[in-house]
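The structure appears right after this line, and notes come after that.
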Ligand code: AMX
């Protein structure tokens with residue numbers, strides 16, 4: 001109810017020229033008119049002191065409040081359920097899924113500015129939301145799109161570094177190499193080497209993160225065209241928004257594909273802080289490694305099959321089902337194939353999650369996209385069938401905590417439908433999107449002066465002795 005009240009308020013706000021504010025899920029909505037209102041950095045500058053005070057107050061007034069007990073299971077179980085990190089940009093509810101600064105995916109789809117009427121959100125709008133906690137106006141998003149264009153030029157040595165790799169190298173290896181080569185441009189590193197007060201750390205971090213976000217689409221599309229299109233690159237069309245330009249540079253100009261790319265880049269940005277890529281970016285950044293170094297580390301985590309590589313694995317898995325059974329695969333054949341995968345010691349890609357306990361809303365919004373634009377696509381229909389077949393089997397295993405599909409179960413068939421069929425490339429798209437979430441949090445990490453991450457580890461002997469003492 002509060003949400004719909006918020007929506008009505010937003011339409012009212014948007015039609016007015018005066019400054020006004022209302023609240024939705026803790027998110028402030030502002031429509032303002034001065035030129036600095038179109039400048040993201042100025043907006044952040046205003047917000048930072050108040051958030052620094054908030055953190056100081058939390059520390060001084062509630063620093064000793066307990067947040068739970070750590071059990072041996074948690075230590076041995078990949079720290080599941082252990083609260084250990086501050087992550088401002090998004091929060092994941094096991095039942096409901098992700099909320100970006102308090103807004104669920106359907107809410108973001110309703111309120112973030114779009115390129116076409118009733119279309120998918122522009123990722124620049126989500127970047128603005130993640131950084132400021134405020135829903136931007138279309139003017140603010142357009143200004144940010146333009147700013148990203150001005151930051152998007154990639155030095156030639158980056159392409160040479162990628163070219164030094166065999167063309168057969170995995171796209172993620174080539175992409176991460178490109179990010180590492182971009183690192184020589186780091187403003188943070190230069191400023192740190194010169195010397196700067198801690199209170200200023202966030203400013204070159206902001207420059208690096210925005211530059212990084214802006215430069216990833218040309219680098220990523222270079223990798224794609226190098227591997228799959230004989231190295232024939234396509235120049236940027238800087239009149240387009242961020243995601244549409246990325247799609248264009250990859251070689252896909254169908255307006256529906258542009259919409260898909262806007263949706264894809266928006267929903268893959270952020271998934272709170274504990275997932276492998278986000279946590280890695282944050283951890284490496286805590287050593288004051290610059291955003292390029294931090295993000296390259298994050299990408300290496302994203303490249304694992306239990307994390308971001310799962311989107312590649314899903315499409316390859318679906319195609320191997322069809323290869324073995326033919327395109328008219330029956331439910332029984334599908335069940336048999338799922339069991340065969342499990343018996344071979346592999347996981348069923350695209351299903352399960354470390355935190356979520358329901359169907360991933362990122363899956364649901366992609367399904368809605370498919371129902372709108374490609375309901376007859378045979379691979380989409382197979383994905384729908386998998387929704388019925390896989391969860392009961394995973395449940396039958398008795399150990400899987402969440403048998404439902406995650407984001408990766410759906411993305412591949414959508415991309416494949418519009419001709420982006422090279423599954424090995426998919427995690428690169430995920431990586432481009434992740435820069436928006438990880439970059440936003442890195443800026444806040446430095447603005448809030450968050451410390452070096454250094455949790456305590458123990459040995460099995462330590463745990464045994466501790467448990468003996470506890471029993472006595
Ligand atoms: N297929 C087969 N087995 C699965 C499974 C799946 N889809 N999901 C979980 N399991 C197994 C685990 O491997 C584990 O087995 P083990 O005890 O023998 O090691 C057991 O069930 C319990 O695991 P869990 O607590 O339910 O999940 P988790 O937190 O350990 O792992 C995840 C989460 C995502 C790695 C796991 O569900 C998985 O491997 N899924 C398939 C890969 C995938 O889709 N990854 C993408 C996730 C989203 C993302 O990061 N992009």
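Backbone N, Cα and C atoms are what each Cβ position is placed from, and that goes for glycine too.
Annotated in TrEMBL:
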- 307: active site (ACT_SITE)
- 353: active site (ACT_SITE)
- 408: active site (ACT_SITE)
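All features noted in TrEMBL, drawn onto the structure.
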residue : record      : Cβ within 10 Å
307     : active site : 18
353     : active site : 21
408     : active site : 27
### Summary
Whole-number Å distance separating the Cα atoms of residue 307 (active site) and residue 408 (active site) is 9
#### Entry: Whole-number Å value for how far residue 408 (active site) lies from residue 353 (active site) (Cα to Cα)
11
### Query
Taking DSSP three-state, what's residue 307 (active site) in: helix, strand or coil?
coil
